[in-house]
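Feature annotation from TrEMBL assigns compositional bias 'Acidic residues' to 323-335. As annotated by TrEMBL, compositional bias 'Low complexity' applies to 336-350, 368-377. Annotated region 'Disordered' per TrEMBL: 323-395, in sequence order. Residues or ranges marked as transmembrane segment in TrEMBL: 76-98, 110-132, 144-164, 170-187, 425-444, 464-485, 497-517, 617-638.
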């Protein structure tokens, strides 16, 4: 700030000295004619591209949209270069052409050539300027322009004093252009390509910075929570994305032309005064230049920052808020259905996502995921039997239209919210500029003469400069009003409205010329320029600005009302009447002072120095009075307006479309000034006991107030930029703020926080456990971001709560870092999840016995920041459960149906409002008082509302089904799928002993506590369904008369099967409408069987399958052509080379119960009632022994041959299926779609372990490096390292890879190793490695240590197992 102030003082002083030195003729040509030439060259070459660039957003994913948008932005950024250089070349030819422009003196011609050269250099810097500005890197612009202006002033001053005269001004402009070119390109090479700017991470070299056609590939549109899966569409079919081979999208081409026409008109209007001045004497031009130099100071210092911020902000808010192209593209049929109609499985089937119920149940029965059921009925009432081809064409068409209507409705709702924010900011910006402009217009004129006399001396005091400055004070107000209104109109108006604005600008320009010049040719009526001199010209320009502002404001009001359904309230844009009254009185006093002390209305007359001082003193008193009135009557409103308009910066886009839209509209806030609105605490009851003491039960309450327990010396381990953006927080608040870790650990609380812990119960491993609750988590409150979205902000590990039972309410670094990394990894994979903003560790320690072996260790207390729209879970509704007959436990509020109904009403109205609006009968009473801030009808427990509650329940089932289907698609296991860990919004919740599979195993167990295998990979869908059934039991009193169990078939089963099939097809690069698609479910299941039998790595297998291309020449029938056979053999060999070793596989599949014991128990079971229920388990173990004995009987060579034959057989089936695909899609498109469905990088356990161990030693670099890598799982950003950091590699080499949930048991005493052997074996059964006993035999397959994030698991990974201890 000091440097900026110093720079401005220096430039102001030099400009003043220069003006005092030169005469009016030199200043007139330099500041009028030369500036007009420069402005014309630059404005016409770059303004359209600048306006277009700020409308282009670059999302983080999916890859094709991201690549296409980034390339389009690059093309737009380079657009000014050829156009600008062409214009500069033409101007140079005109200046050098003999006989042309003969009236120019040699000095004028030389100066103009310097200006043209400077404009060319600025044009070459323009690509970097656009990229820096659209990436919100305002520091680069400030540095470049600040240095350029300062050096320009210095050069001008030196050369003028050296006697150069007019060429000094032109040469200084050349220097300014050179400075911009050097500074901007240095910034791009150092920071822009250095990975420090998130929006430019794909730009890693000069070659990647160059313009070019958009990539041609299939783009997978992102899926939002609550929406049906978006279908893939070729890039270019969306008007907002450049198609293959195109440089700009259709929308961008249209806007470029519209902006170009508009900018011609705008340039005439903006530079009209200089053009009109060309008709005036050169001396008058010099006077006007002096007026502009000092008058524009007020614009640059006070009003331009507001207008510039508003321009970028309005464009960013409007970029995704829906343009006229999107509105016109919606089919008429979309208006026929309710805007928030739920998408049914049948509708999704009609869009190509599914197969019939019979095929679904065949797959489900074989995989053992879900219980066999009777044929279901879809929500539309049609039978669930039959394949998708059995649907009548008309029904399929109707369903497809319904899906389109639902998506269009969601886009419309989001666009309305963003447009409402933009309209509110317009009113606030108008209030700011109107207040500042009125103060200047009223108090400025009486002091202009004094200012001229003091600054410019006697040479200029007798000219019309003082009167011109007085008129300029009014012009500043008109200019500011026009700038803000036009910024809004240009950013939000549809093309036809932009055309109307162009016409309005042309008309106002004509009026301006008429006012300024009059009609000297026909009527002889003089214009204001002839009558009043430069004052008249400024008055005409002020009228011009007011006309333009009125036209833009009419467009703004029409657009805002059309897109929000609400009129634009401009009454809040005016200052208060009290402030206006004080301002009028102060203006009258200042003008009287000017007459009394100086003898002129503008001051500066024949007054003495004492008179001038007295006049200035009166002015200071008037200004203080006005400022005091504004502080008293308008201070709060003005501060809020400035904070929102000047400081709000759109955040970068994220993986999910919903996060992208929210973050782009969010303003940058601070940890100490988050906007809390704790609605849940107003609506739902809070425990009356606020002592924060552990107790059970906490009756008739949903929350208990708590207070975080401070930790010693908290420090930031890692933070997620995209997660913090949900709260409107920049990354610097966590990474750079001195007390950031204090806030994110709970040591400090932000204003408005009201910490509580949630009360809930749960079925744990199938048994009701009674009251559980947040034993270590504290919800600080609900943060409302500037897009109007709510996120509960939660600290996990911040200390004891009433629900801590015998625990301490703390979390350690290993579990906190695992949850943080996995939350963000899952989000980047497109899996619905809660988010994690940061993880903080400290010097405070707690003792943990990780595997309960009697070896406790002190570990660091750590806190993770979590956020979600709500942390309500299935177990939240089980607090009303009566005494369970099996466990004898009850909820803390048994039978309190009034509270149950209140919770259900809160859930429906707060989080499923679209369903409530479209299904609830009209006229129902309100569920909550208006002052609670949650409008919505009372539904739960009433016959009138039961159906609506049931619709919400079905949506919960659908979301849960889609969530678990996504888990299965990335090979991820939760580990503790109890009802208390199931989000009511279908989000992945509570990351404990999770794991991504290395070696695929249907019966993979990631939790050492899961002895029964309840939560294996195979059974995850079944367990989620079981939990959904328990939710139905809990909600049943709120749905009287509803047969809710049927929804488990129609909502969960069918939704899961369809989502699973969609995911399977995406992973294999298959489409639903190709030949042979009806067998895709069986093909995918046989692939998983092959992977399990051969020990294939889950993640690496699907990436390898990308190498099997579509056949160029295909055979007929089941025979393969030579090309097909060669491709099959090549891929089979690649897969066979990356399988787990034979020893690993034998260790993993070895049954847990000894064979002799199994046979003995099977013989005794029919005669023993205690053993009889376990017969199915014993029979399964016996079958497992048969398989194991067969595997052990094979020689290594025979096993290798068998593996290759298995893969060749499956790949032959796949190759035959791909024949049908070749008719529907290009190979490049198919590979790209597979690349977006199959991650290259997942958060494997051994990668976590390296980061944990390094962090425990105080080195957080690997954790941050791993975070960046898992946030780009599909390897879209080549700037992110793919190798483990040096510290992580050295840590492995040293053997220090123990500690945390993941524990190396190789050095445990024999007794402890034996006690943990069963759990270790279970963990190894899917870990892709082996247990301790087999560690020495895998040297041939696994590397000694990991160096790459996507390599084979290292040897030491087999020693890791996962515990629930945290």
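Glycine residues also receive a Cβ, built from the backbone N, Cα and C atoms like all the rest.
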Distal contacts, the transmembrane segment (76-98) - CB-CB under 8 A, six or more residues away:
37, 41-42, 44-46, 48-49, 52-53, 56, 104, 109, 112-113, 116-117, 119-120, 122-124, 126-128, 130-131, 210-211, 248, 252, 256
Going along the chain, which residues at least six beyond the ends of the transmembrane segment (617-638) come within the CB cut-off of under 8 Å?
431-432, 435, 439, 443, 446-447, 572, 575-576, 578-579, 582-583, 585-587, 589-590, 593, 597
Does the transmembrane segment (170-187) come close to the transmembrane segment (425-444), meaning at least 3 CB pairs under 8 Å for residues 6 or more apart?
no
State the residues, same chain only, that lie 6 or more residues beyond the ends of the transmembrane segment (170-187) and have a CB under 8 A from a CB inside it; answer 'none' if no residue qualifies.
30, 34, 38, 110-115, 117-122, 124-125, 128-129, 132, 137, 140, 143-145, 147-149, 151-153, 155-156, 159, 164
Report, as numbers and ranges, which residues of the same chain sit near the transmembrane segment (464-485): CB under 8 Å and 6 or more residues beyond its ends.
284, 287-288, 290-292, 294-295, 298-299, 303-304, 306-307, 310-311, 426, 429-430, 433-434, 436-438, 440-441, 444-445, 448-449, 451-452, 456, 533-535, 538-539, 541-543, 545-546, 548-549, 552-553, 556, 600-604
